[in-house]
Amino acid sequence: MRKKGRDLLAAFRQTFLTLQNMTPLAEAEAEIQLNAASARYSYNPILRWNPQVEDYFIKAYGSLHFAQISKALTRPSCYSCIRVNTLKSTSDAVIEKLQEIMRKSGPQNDVVGINWKENKASNDIDLDMVEKQSSLQNESITKCQIPGLEYVVFVKGSGPHEIDYGYLPDKPPKEVLVSRKCAEAVLRGAQVYVPGIMACSSHVEEGDLVAVSVAVEQPFPDGGWGLGITRGTVLQGLPTDPYHFERNGLYIGQGTTMLSRAGIFRASQGIAVDMNNRVFKLPSFYDVLEGEIFLQNLPSIIAAHALDPQKGERILDMCAAPGGKTTAIAILMKDEGEVIAADRSHNKVIDIQKLAAELGLTCITTYKLDALKAVRKRNGSSDTTTLCCNKDNNDVVNQRSDSGPLGNGVSSTTIVGSNADTTFKENVSNEKANERTYTSKADIRKNTRRMRNGPGRNQSLGGRVENSKGFLPNSFDRVLLDAPCSALGLRPRLFAGEETIESLRNHGKYQRRMFDQAVQLVRPGGVLVYSTCTINPGENEALVRYALDTYKFLSLAPQHPRIGGAGLVGRCEFPDGYVEEWLKPGEEELVQRFDPSSQLDTIGFFIAKFAVGPKDNI
């Protein structure tokens, strides 16, 4: 790939010498110009952090290691991880079907494998298995060789690729500038949709080949961050363009426009650019083998395994949306037992219902419930609630929450799955019919956000959700608390400046309050698993320290399989005198920390498993 870039520069150089009869000085200037263009039209982002947060992470990881983590976070994983629904299919059957789909879609690109041999943290994995996994790296689709995870399938991607954007001196390529969130989705394999476009070159017509660049938030004089660009701005490819220099090294690929410039900024939805030449090439699994597979990050699958759910048990997933871990737990239990999935968002609960129905799972019961109010006192009462029947008949109080009209006898999953788009379009159409004068710009922005982000709780698409008033203490065999967090382990990520030391501490306080609820709900002899998708020790190791120091009946338990790295030992002292305590020596090997810069190439993730002892003395 580098050779291709050098050949391209050499061709440009020869062209200019031939056509312009350049002097040596002019030749040198042209060479500098081309080198600058090569650096500009590339993908080499630098992740920006709040300075105090950056200092904190450097203390935790060391300067070099944190630089490696930051770089890894700006790139997607080199593979997609698929969880097979073993109640409907097998890994071998899924691999065969995927290979057939990939054969029909054309030849595959160069791929990068997962280097299991260099993952020194995998102390519990048999070396023969590691050798076998490594020997499969020439395959584009492989079955995971970790014992117990044979139902996991890896599909390799490739990148980063160098792209020829067709730059010529004094003739920059036509360009589309997208928002940072849009770019992060494109790096994961999505197309460029209309709401994500911020600016565009003039005279762009449907079918034009365009370079796609990213507008990343910049610091404001007041200390905040923002874009400071008006949507619809014309790009001229000149230094006077907004964010011209800030876009250096932030080109994510090339695509064909589906609309003209006027159409892009006139439409409210739809694909604007068909990305056909990407910096990172990852296969899309949209509408592929629905019900048989689920796209999920490897550490999330490990978290469900760490819980070790057994048939017939009663298990709670406290913050369950979007339902990936909930359904993983149900499948591990062979759909025998009871899995309670709770989330405080009405629409997210409906999403869990839809996913469970798609995967054919019947043991999952969903509730709308704030995790901070998960425990119901035994003498609690409510005039507006009725007791929900279950195996004990006395451990959850709930009420029905109906949002939107429902047909007689029609399930919420059916309504959401089949009528959501039609209902929304009809609502928009009715709103337009009732307009007597004009639509304000505020309403246009509101509708655009709604189409992009989905309806809020006051514009629910409809469906039945049970409103729970909480559960009795000690009423679950196992509890999973996959806590809401700063999400600083998710990738690709092109900006991290919004988090401050104060906000990170607030995340930790919020998680401790949820943990206080979770620990009451697990029966003695049960298991509590805590997980996050962040690299912040204050939300990971510091939470473990709090749990062990506060609840003496808790102890860290071994996790199987163990493929993540060790936790952080020690403490961190802040300039304001605050001291954050982490793990003690000997505890670090009982947690799993997934490092995005490691050879496993996963998201940043953390898992701690607690065994719950007798609570008699509490």
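The backbone N, Cα and C atoms fix where each Cβ goes, and this holds for glycine too.
The annotation domain 'SAM-dependent MTase RsmB/NOP-type' is assigned in TrEMBL to 226-613. Among the features that TrEMBL reports, S-adenosyl-L-methionine binding site is placed at Cys319, Ala320, Ala321, Pro322, Gly323, Gly324, Lys325, Asp343, Asp370, Asp482. The active site, nucleophile feature in TrEMBL is assigned to Cys533.
For the S-adenosyl-L-methionine site, whose binding residues are given in the record as Cys319, Ala320, Ala321, Pro322, Gly323, Gly324, Lys325, Asp343, Asp370, Asp482, the maximum C-alpha distance rounds to 19 Å. Counting every protein chain shown, the number of other Cβ atoms lying within 10 Å of the Cβ of Asp370 (S-adenosyl-L-methionine binding site) is 16. Neighbour count (other Cβ atoms within 10 Å of the Cβ, all protein chains): 24 for Cys533 (active site, nucleophile). Residues within less than 8 Å, Cβ to Cβ, of Lys325 (S-adenosyl-L-methionine binding site) and separated from it by at least 6 positions along the same chain comprise Ser300, Ala303, Ala304, Asp317, Leu480, Asp482. Long-range C-beta contacts of Gly323 (S-adenosyl-L-methionine binding site), restricted to its own chain and to partners at least six residues apart, with a cutoff below 8 Å, comprise Ala341, Asp351, Ile352, Leu355, Ala356. In the structure as shown, the Cβ atom of Ala321 (S-adenosyl-L-methionine binding site) sits within 10 Å of 23 other Cβ atoms.
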